[in-house]
């Protein structure tokens, strides 16, 4: 697993405001040393007269900051050391002598030596903890004379105010040092981890009076307090771990979208406001790994996870003081970088990111060549908060998928279609969910037996009569709703209306079969299939009258859950058709494993047969494949007599297209059907006898031979179509 980006940053961190930070730490040390020297003359007296409890508290202060007990907080240096409990007690009872500050200093030095911390972080801790104790002692002294006695109820306000003084001083000094160290706004480090830290600091500070009670009763009872101190430490550790896990992707170890948004907040604020000395611009790059879905289907999700982990490890190397990396989801990674000179600098970062994806990935000693489409948004030009930058980088990424160089910078006009799509999506939701809304309707296009002219069925096509935009195309509807829950609603609305229409036609003496397009996502569980079973029973429609069409490209990228649902539908009697055949990545083995009833030849091949011998060879091979597998074959997009005759000669009997009729509303379709049936009867349903084209003597029969013929036809194509059939 690659390291967390935050961990990488911690290793490589540099100080943008290093001079001011150093001066600040030196000032803290000077004040601390001065406050200690004022009371240095009393130290010999303390050493001679201090009871055993003093030495026990001092010893436990040092032990408390060892790795076993010490509290560890994310986003250091803001945090509270466990030794505060014991040093605060010492300072409260022996405050005049600065004893608490000396004990705290010794605890910090021992902890720093064990952790091998550098000089400046250690000096910073000495200054802020020591001055916080000095502030607490001063407040306690101002309220009343310090009394080396057992604290009672009358002293509670004194303890409370001293604790408040300690924490306020500590927090302000910590935030100021962090601000000077990291840059950005002063309020961000001031509020970082605030609620949980206040609770743990209060728990540690308010244990001090209990320590003093034990010290006066029996000094050797003091170590018992280590148990609650350890409990507070464990709770803080657990909180810290939960905070990291909540913003971390478990597969790659990189921050997820939440983690990136949190870490990028301060740099975005600095870039947007040009605060402090931060120059330049910032850029958010979102990369989509192309082809990962096909790898998952072909080789399994374990291989896909290996690829993601490999890419995560590569881009993690780009993390640094001004660069964050993340794994947003699935096949998407992101890099946020700031302090860039100009757009050219940002493009250079994008090129470096793309290079990480272009290099082959080795899986089981086999190199896999992948690529990525990268979209980029800039701050402050394209947004001054993470959500806006991410949304616009996503839009740019979608455009990058269409570009040869796979990198796109967001342009303001890109957002207009996105805004329009959101409005269209809202209208679509209303059309689907509003009772009595009739905007979403099926149009019916007939399918015919071309040899007899008989209508064998119809395909129900999605139509949306938008009240303002008019007729919205199915492609636009799918593009808007494809990745939303509305796709399921669209499928259910279409099926419900088609079943009602089939029942109505049956009551009029018209018994027809109908096909309905559904999203493959609808079949990833058996929910829709069981709903369909109930609706067939409700409308009294025979299952054999309904067929569901699924696109080849989508179906071939799905797992066994879809195949199981299709099997359930076939047992029920509902047909399953493979739509747009030839445009996806099919395998003969996959086709054999699916209980299909029909394959439909994509219109692009049908319509280009005359001009392209290769496309004609593909159509012929698909027809033979369907026959060998026992499937009906329907040719789509027939627009003239020549295409019909050619298809009949190739052995395809079923077809649909504008040559016969366009898609029509239900009432218009019923009228067209009655007229067509009457015309067919008047002709005596004469068969169209078209001699089959002679096949080559070396033609290979059978499904495997048909697949081989199709592969041979495809081998002659310039590989611009992703149409591949493998046995």
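Cβ atoms are placed via backbone N, Cα and C, with glycine included.
Annotated range for transmembrane segment in TrEMBL, selecting from 1-20, 21-40: 21-40. Here the domain 'GGDEF' (280-412) has, by DSSP, the following mix of helix, strand and coil residues: 56 helix, 45 strand, 32 coil. Along the domain 'EAL' (421-677), the predicted structure has mean pLDDT 87.
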